[in-house]
């Protein structure tokens, strides 16, 4: 605010002081007209030299912030591997680099002050010389010279204010460029002019789908996937690490676009839907469960900001979360700290499931979202799904066979390809991968908790 006031006052001070000088002595007034462009040119030159350095400084601030964030988020890993000294030295190295870059930029900007002082005092000396000669020759009075010097100081001090603000603007511009770059980024996924704004049902079709994170020509994560899921079905997905289970389901709400083929929801290609409408009808609980700072009630209402307390309690009961929430002293008003670190992994998963259910979606996707709950609670959640939301298509990615054993159909993925589709009984007879997982967990006791 102070900078804005200085910038607003300075032009008025310069213009009025110059007019007063002009009424007293025109040659000296002309001198100021010469000085101002010189100072302006100097400022522009300094700005062009310093601006790229400030951009580098803010780019390196990203690395500095990333280093701090990594160490805060992974503090236990750092301690477990006794890497504190290494991380401290890495932070110091980045800090020194940022310091050196900033110092280099400030050294360029620092030329602004001596140039201003040099010009100011040079002008004063010239005014005194011209005025002194005028007084000796009788062409100027002492009072006029004093007035001109005062006006000159006002002009030059106002110019000094402008340069001070100019430096701040120059630093702000470097920050603004980075913000504008993000704001001006055009999303790759754009709604069509005639985008479909209604999802008929929860049926899903994958038709010869290929997908690569690198786009066309990259390594395929999914290869020629063909799949039909009826609306209201419960579908389990199982497969080894890296088999593209999460990738498959992320194509449904169009978090990514297919490289080849198409994905249809409700008989319509997902690329033809209005994105907001599509994602409002496809509710996902991701592998990494995220809760926000605020009350449990507010966190769950992310699914529907207009939901009543009764609706919130209902979905919490479906997700088997109402029991432990009610045991908290403040119940649903219990505050969640940053990152949800004051609730356990299983509690966090159940709250995230409740939040997803509150959207009343046509498709519900659980991406390994019951891994931290015990098998009994997992079974209760699935039972509640069958009884309370039978018309919602439910896709469950799981590592535990027991989590998907009673699904209408189970999809076995292997290296981005569908290795088998069927019920648990059918796959036990026909699919070696599923049979091996089943026997290792159920018969070998690997599914017990």
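Just so you know, glycine gets a Cβ as well, placed from its N, Cα and C.
In TrEMBL, the transmembrane segment annotation falls on 115-136 of the listed ranges 93-114, 115-136, 181-202. Within the listed segments 148-171, 220-243, TrEMBL records transmembrane segment for the stretch 148-171. The range from 30-47, 48-65 that TrEMBL describes as transmembrane segment is residues 30-47. Among the ranges 7-24, 259-276, the one that TrEMBL lists as transmembrane segment is 7-24. Away from its own ends, the transmembrane segment (148-171) comes close to residues 3, 6-7, 9-11, 13-14, 17-18, 20-21, 24-25, 28, 32, 36, 39, 43, 47, 50-51, 54, 109, 112-113, 116, 119-120, 123-124, 127-128, 131 of its chain (Cβ-Cβ under 8 Å, at least six residues beyond either end).
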